[in-house]
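Student: One structure coming up, written as structure tokens, with questions to follow.
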Amino acid sequence: MTFIEVLYFIVPVAIAYAAPLILTAIGGVFSERSGVVNIGLEGLMVIGAFIGVIFNLTFVDTFGSSTPYVALLAAMVVASLFSLFHAVASVSFRADQVVSGVAINLLAVAICLFLVKKIYGKGQTDFVQETFLRNDIWLLEKIPFLGPMFFQDVYWTSVIAIGVAILAWVVLYYTPFGLRLRAVGEHPMAADTMGINVTRMRYIAVMISGGLAGIGGAIYAQSISQDFGHATINGQGFMALAAMIFGKWHPLGALGAAVFFGFAQALSIVGGSLPVISEIPSVFLLILPYVLTILALAGFIGKASAPKALGTPYIKGNR
Amino acid sequence: MEHVIEMLNIRKEFGNFVANDNITLQLKKGEIHALLGENGAGKSTLMNVLFGLYQPEGGEIRVRGQEVKITDPNVANNLGIGMVHQHFMLVEDFTVTENIILGSEPTKGGMISVKRAAKKVQELSELYNLNVDPYAKIEDISVGMQQRVEILKTLYRGAEILIFDEPTASLTPQEITELMQIMRRLIEEGKSIILITHKLKEIMDVSDRVTVIRKGVGIGTVNTAETNPNDLADLMVGRHVEFKTIKGLAHPTTDVLEVKDLVVADYRGIEKVKGLNLHVRKGEIVGIAGIDGNGQTELIEAITGLRKAKSGQVFMNGQEITGNTPRKVTESGVGHIPQDRHKHGLILDFPLGHNIALQTYYTSPNSKNGFMDYSAISKKANEIIKKYDVRTQGDHELARALSGGNQQKAIIGREIDRDPDLLIAALPTRGLDVGAIEFIHQRLIEQRDKGKAVLLISFELDEVMNVSDRIAVIYDGQIVETLDPLQTNEQELGLLMAGQTKNDTQSNQVKEEDSSHV
Amino acid sequence: ACGTDKEETKTGNGGETEKNDFSVAMVTDIGGVDDKSFNQSAWKGLQDFGADNGLEKGDDGIDYLQSKSDADYNTNLNKLVRREFDLVFGIGFLMEAAITEIATQQKDAQLAIIDAVVDQPNVASVLFKEQEGAYLAGVSAALMTKSKKIGFVGGMEIPVIERFEAGFLEGVKAVDPSIKVDVQYTGAFDKAELGKTTANRMYSSGVDIIFHAAGGTGNGVFAEAKELKTKDPDAYVWVIGVDSDQYEEGAVGDTNVTLTSMLKRVDVAVQNLSKLAMDGKFPGGETTVYGLAEEGVALADSRGAIPEDVLAQIDEYAKKIADGDVVVPETVE
Amino acid sequence: MSKRFSNILIPGISVILGLLVGAIVMIVSGYDPVEGYIALWNGIFGDAYTIGETIRQITPYILAGLAVAFAFRSGLFNIGVEGQLIVGWFAAAYVGITFDDLPKMIHLPLAIIAAALAGALWGFIPGLLKAKFKVHEVIVTIMMNYIALHTSNALIRAVSDGGDNTGAIQPTASLRSAFLENMTDYSRLHYGILIALAMVLVMWLILEKTTRGFELKAVGLNQHASEYSGMNVNKNIILAMVISGAFAGLAGAMEALGTFGFASVKGGFTGIGFDGIAVALLGANTPLGVIFGATLFGSLKYGATNMPNEAGIPEEIVSIIIAIIIFFVASGYVIRLLLERFSKKKEAK
Ligand SMILES: Nc1ncnc2c1ncn2[C@@H]1O[C@H](COP(=O)(O)OP(=O)(O)OP(=O)(O)O)[C@@H](O)[C@H]1O
Ligand SMILES: Nc1ncnc2c1ncn2[C@@H]1O[C@H](COP(=O)(O)OP(=O)(O)OP(=O)(O)O)[C@@H](O)[C@H]1O
Ligand SMILES: [Mg+2]
Ligand SMILES: [Mg+2]
């Protein structure tokens with residue numbers, strides 16, 4: 001592979017790999033910006049993946065080739081409802097938010113597998129027939145150099161993910177809703193004295209995180225694994241969590257971090273086919289994405305500052 | 001005379017504890033009404049009830065004659081009630097404008113129209129002479145300006161009735177004067193004000209009437225014109241309090257602390273201490289007077305080892321301690337009452353006893369061969385609790401559960417009990433009532449009389465003038481002047497602190513024999 | 001498979017057996033009994049055996065236990081031995097240590113292991129010559145490729161998978177030594193995204209046929225091939241499946257990207273061994289090797305994807321191996 | 001109500017509520033909960049063998065739980081227990097197979113220490129990065145998990161000449177015990193449980209009795225005040241991660257020297273490390289609580305494997321129950337509130 005070929009391969013792959021991570025990490029941004037720790041992202045992705053696949057299998061005759069997209073909506077709705085568990089526990093019941101997130105992760109896998117076994121009588125679903133496809137983006141694909149890198153063979157889901165990242169940035173930083181949400185995460189009592197309903201904001205934020213993680217899971221399952229089983233979502237939620245922190249709790253930062261992970265991942269796959277690198281024992285390629293991340297963090301990202309009220313339940317009148 | 005607010009027989013309970021026991025407070029239109037009481041008397045609680053943060057167990061509230069139920073701050077806002085809280089309710093990460101518009105943002109096409117908001121903020125700021133930059137970030141502005149942002153918040157919402165809960169606790173004298181002017185201006189514009197403060201002088205200066213509460217019970221309301229500070233204090237505490245700190249003459253001897261050409265940068269790398277010289281001798285209290293942000297924090301942090309100095313030297317009893325770790329500095333004989341008791345002074349979720357052992361936990365008898373002796377710690381803690389009159393349920397209670405005043409007493413007990421050669425006391429009486437302040441000042445003087453050195457950092461002229469034997473004025477990272485408290489006055493101090501030079505101030509000061517080397 | 005068999009399970013204990021008093025059970029590895037791979041194949045073997053001999057699922061017939069983690073192998077095997085099954089299979093080389101341990105503890109039990117050798121008198125070992133099947137897969141890939149570029153996607157670099165690789169490379173070489181085989185291990189059996197990305201890289205570099213031996217990671221290979229096929233129905237992209245017939249996995253509307261699959265007939269082995277045991281001829285302490293000759297490995301029906309004449313050529317290679325004229329190496333030189 | 005009392009009551013009530021919810025789920029999905037719970041009970045306590053296996057299962061959970069809890073008490077969130085366990089597993093197995101004429105007295109402790117050291121090293125890296133560069137330990141530990149997995153697989157291949165298994169450890173390095181096995185009808189119960197319990201004691205001693213523990217807790221609660229009082233915050237952060245990692249490494253030793261007796265190439269995570277988070281949190285991050293959490297978690301998880309077999313119910317039901325229990329334990333505030341209301345009403349009567 002020439003250098004250009006490597007680029008033409010790596011960039012689209014990185015973006016495609018990143019899409020589920022981007023969405024989930026941005027979900028995390030919403031939740032944590034409102035002050036609610038969400039390590040339940042993994043579980044919420046599981047729900048999304050499960051619903052996406054089930055919906056796709058069930059309604060493929062009704063919706064035809066648009067099934068995967070409709071399934072995203074279904075996954076979003078169900079996962080955001082499921083995230084209410086986390087909201088109720090950590091916002092209303094003042095549960096330790098990490099504990100509640102752990103419970104979400106356990107519960108999601110358990111319920112989904114339980115249902116798969118109940119419905120299909122086996123450990124995983126069938127394969128879905130309609131999946132996401134790559135497209136060339138009209139006209140843009142023709143731009144020299146950039147065209148093949150960014151606009152040929154892209155998934156609409158990647159476009160959605162990047163769109164959501166930009167939208168999330170606008171919402172969080174330029175709308176009243178975003179201002180209030182961030183205020184609730186930084187100084188809930190200040191927000192309370194300004195007449196903002198802290199509890200309601202946090203519920204909404206957690207549900208947004210559920211919805212986005214659900215879409216993320218559904219994209220993953222319908223484009224990559226194409227079925228649902230116990231290992232379908234296998235750490236991606238934690239990677240999304242890492243992307244969120246890496247991105248300093250900012251939607252565009254999360255986007256960048258997720259693409260970085262995708263890039264590192266793609267690099268490790270390309271590596272095997274490059275003459276020099278293929279001499280290196282494969283374990284070094286396998287751990288490359290993770291080592292790169294750590295180096296990046298230690299080298300030039302440095303201290304990340306979480307929202308100030310992150311992890312603390314808001315109790316009216318408490319100082 | 002029209003009452004804009006009437007709080008009648010308000011009762012508020014926390015569990016079995018009665019914080020407000022049938023308190024009545026009536027606010028006339030256009031008056032400044034002071035609310036006075038010791039720490040924990042229930043002032044904030046009463047105001048939080050009025051602002052809708054707490055629901056009372058009994059009593060009624062009338063606003064402009066109408067009985068109302070204030071179920072949450074929104075209701076209060078709509079009734080024209082605004083509150084400036086004891087602890088600022090500001091999001092540090094946001095700009096001034098963002099903080100002000102939060103909750104009622106002007107929008108255009110779904111987006112916040114920051115420009116429009118900032119313009120309105122600017123207008124309000126000009127109307128009331130608040131001098132606030134709408135685009136500045138809260139974390140970058142002074143405490144005084146933060147205070148004014150809090151005021152703007154209420155004005156922005158069209159508040160007619162303003163509650164100020166201890167607004168001056170962390171302001172500099174200049175800022176306090178400005179605030180008083182702002183309050184008067186607000187009254188001129190037809191607003192009414194409830195003011196909570198521990199500073200009797202302020203009450204006498206600015207208020208029209210005073211309501212006093214003691215231990216949750218309303219003692220009564222008096223016209224300011226018909227009372228005086230001594231009566232007010234006695235009324236509040238329920239016994240006679242002495243005002244002027246009683247102390248004999250100082251007999252300073254040799255240098256304990258010596259700071260030479262010290263340069264320190266803050267967390268952002270900006271130099272805050274710029275070649276500072278200072279010395280403190282055995283048997284004297286040196287007060288550092290200055291406006292917040294002139295390098296006091298960085299100076300103390302550099303002396304105590306919490307921050308690395310860029311250059312210069314620090315000596316304790318002749319030994320250089322520059323760049324030493326906090327542990328080594330402490331062991332060289334420094335005691336430190338930190339400026340922020342919740343951040344540095346205490347581990348709020350540790351029991352009080354552990355907190356009292358925070359500087360000595362690793363030494364015998366608290367620790368032997370790497371193992372703790374918690375009974376020794378407990379024994380010592382109880383001694384200190386008793387000696388320093390810390391009101392608590394015992395050394396096992398979490399530090400968090402204590403009131404600010406008692407937390408402070410525990411810290412002071414901890415630091416003084418080690419009998420350090422140098423005691424650094426940074427804002428030791430912030431937010432405390434007169435009784436507690438008196439107690440703490442006495443302890444500092446006691447240390448001096450035992451032949452120890454004391455370095456006092458304070459924003460309050462009263463305190464600096466009363467307690468210190470020597471006043472070092474800090475401005476822009478340097479000690480610009482050293483004064484004898486008996487030979488100076490508040491005006492002169494105030495001007496020096498604001499950056500004027502001694503020649504500007506005209507008044508004649510007796511120079512100390514060694515002031516050149518200070 | 002669950003929830004419906006309660007009655008049989010319960011009535012099993014102590015009831016007289018009318019038809020047949022032989023019983024046999026198996027323990028799956030963590031893939032589970034419906035892994036679309038060799039656990040499933042093994043269970044199919046038991047089911048067929050049960051059907052032939054009138055055995056039903058339950059204590060006196062046929063049964064399985066699934067393992068959630070490596071730690072379960074031992075307990076699951078133990079449980080089945082305790083339930084007094086006459087023969088207990090451990091499916092997969094991962095169970096080697098567990099079988100060894102139980103065989104020494106329970107000397108009366110009859111045990112069998114697939115894909116590993118356990119040297120105990122009461123254990124029958126079954127091995128497959130994956131390399132022979134993979135060789136045929138290599139031959140068919142080499143005969144079918146148009147671009148002269150072929151891919152191999154492995155899961156983890158472990159000896160079993162290396163046998164696949166070795167056989168495959170050998171098969172390709174036998175047809176045309178100039179064909180380039182792009183070999184990549186993904187380091188995992190359950191990371192579909194790695195399979196997909198790897199396949200993406202291979203196909204976009206001109207590879208037209210990929211043989212995967214990567215379990216769930218292989219799903220990603222199928223996903224990529226199917227995507228290419230959907231986008232361009234004339235695209236010449238193929239996947240060769242592994243272990244069981246992966247025709248289903250390759251379905252794209254009316255077409256299919258599965259060229260063929262290399263079958264590992266665990267079902268055949270399980271059935272044979274059960275039959276021997278039932279007849280009192282349990283080959284304890286012996287190792288049975290299933291290669292092409294024993295029909296233990298084979299290629300699946302290509303359902304027309306491979307033309308007749310090519311199939312004929314493949315058969316010739318198969319015959320050579322079966323006759324011992326060609327010996328396929330187990331490791332890559 | 002006394003705090004101590006409600007500290008016991010709340011987990012108790014949570015377990016009951018969890019089982020109730022589990023029963024409802026079973027009824028709704030058409031299974032018989034009575035049959036299900038009998039199967040679960042038998043799966044845990046059925047006979048000597050299952051009891052032995054249940055305890056064996058609990059052993060690594062205790063150590064993984066301690067690892068998470070210890071870091072938590074020092075203000076750190078160690079999601080990397082899984083990776084630390086994996087490297088500990090390999091290290092113990094490696095020492096176990098490598099030395100062949102050491103007496104047991106030396107060989108076994110050596111293997112155990114090797115595991116603890118390997119885990120400690122894996123904890124040291126995120127600790128160091130946190131202390132020196134303020135890098136968030138959550139990300140680094142997540143990444144370290146994957147690195148551990150691939151590295152240990154590569155090492156296993158290296159020591160076994162490309163094989164997938166290190167081969168059995170020498171008997172001199174084994175935690176297995178003929179005595180315990182006989183007592184429990186050939187279960188794999190091994191002496192590791194004693195090590196795990198000893199470590200509970202060690203954690204308690206460190207945190208509650210030693211000066212170092214005082215510092216670790218202080219740093220966990222308020223770094224600024226700790227620095228003010230002269231503690232070396234960075235050193236304590238690193239130490240906390242190192243000790244936490246050592247506990248996790250020991251969990252790996254339990255698998256290497258007890259349950260399995262070897263290390264093999266892993267296709268994915270063991271899950272024990274992640275479950276350790278739940279165990280620690282169930283136990284409120286206290287040493288004794290971890291025993292409770294591990295016992296609950298371990299026995300339910302192990303007993304669950306009997307449910308599909310004996311009652312035809314998918315074993316995931318038990319994970320649902322565990323998750324519900326965790327929810328309730330975490331929401332202790334609400335339960336306490338309800339209990340207080342309830343006891344007040346009683347008083348009123
Ligand atoms: N949230 C609360 N829960 C329980 N008790 C409280 C709470 N808030 C206040 N109290 C109790 O009510 C009493 C009055 O507190 P409050 O804050 O009103 O005092 P204050 O007069 O404002 O004191 P200060 O001068 O220190 O500000 C305190 O002594 C405290 O014991
Ligand atoms: N959440 C709470 N639960 C119980 N008691 C509380 C709570 N919050 C405050 N208190 C009580 O309030 C009192 C403290 O009063 P307060 O905080 O007003 O003192 P303070 O001098 O204003 O301190 P600071 O200025 O540092 O806040 C203590 O007696 C404490 O028992
Ligand atoms: Mg107050
Ligand atoms: Mg106060």
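Every residue, even glycine, has its Cβ placed from backbone N, Cα and C.
Copying in the features that TrEMBL gives for the protein in this structure:
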{"type": "TRANSMEM", "residues": "A:6-29", "note": "transmembrane segment"}
{"type": "TRANSMEM", "residues": "A:36-57", "note": "transmembrane segment"}
{"type": "TRANSMEM", "residues": "A:69-91", "note": "transmembrane segment"}
{"type": "TRANSMEM", "residues": "A:98-116", "note": "transmembrane segment"}
{"type": "TRANSMEM", "residues": "A:154-174", "note": "transmembrane segment"}
{"type": "TRANSMEM", "residues": "A:203-222", "note": "transmembrane segment"}
{"type": "TRANSMEM", "residues": "A:254-277", "note": "transmembrane segment"}
{"type": "TRANSMEM", "residues": "A:283-301", "note": "transmembrane segment"}
Student: Can you tell me which recorded stretch out of A:69-91, A:98-116, A:254-277 has the most Cβ pairs within less than 8 Å of the transmembrane segment (A:154-174)?
Tutor: A:254-277
Student: Which range wins on Cβ pairs under 8 Å with the transmembrane segment (A:98-116): A:36-57, A:69-91, A:203-222, A:283-301?
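Tutor: If we count Cβ pairs closer than 8 Å to the transmembrane segment (A:98-116), A:36-57 scores highest.
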Student: Cβ pairs under 8 Å with the transmembrane segment (A:36-57): which stretch of A:6-29, A:69-91, A:203-222, A:254-277, A:283-301 has the most?
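Tutor: Ranking A:6-29, A:69-91, A:203-222, A:254-277, A:283-301 by Cβ pairs under 8 Å to the transmembrane segment (A:36-57) puts A:203-222 first.
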Student: Who are the long-range neighbours of the transmembrane segment (A:254-277) in its own chain, taking Cβ under 8 Å and residues 6 or more past its ends?
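Tutor: Contacts with the transmembrane segment (A:254-277): 1, 6, 9-11, 13-18, 21-22, 25-26, 28-29, 161-162, 165, 239-240, 242-244, 246-247, 285-286, 288-290, 292-293, 296.
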Student: Under 8 Å between C-beta atoms and at least six residues away from its ends: which parts of the chain pack against the transmembrane segment (A:203-222)?
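Tutor: For the transmembrane segment (A:203-222), the list is 19-24, 26-28, 30-31, 33-34, 36, 38, 41, 44-53, 56, 68, 71-72, 74-84, 86-87, 90-91, 128, 130-132, 157, 160-161, 164, 181, 184, 228, 232-233, 236-237, 240.
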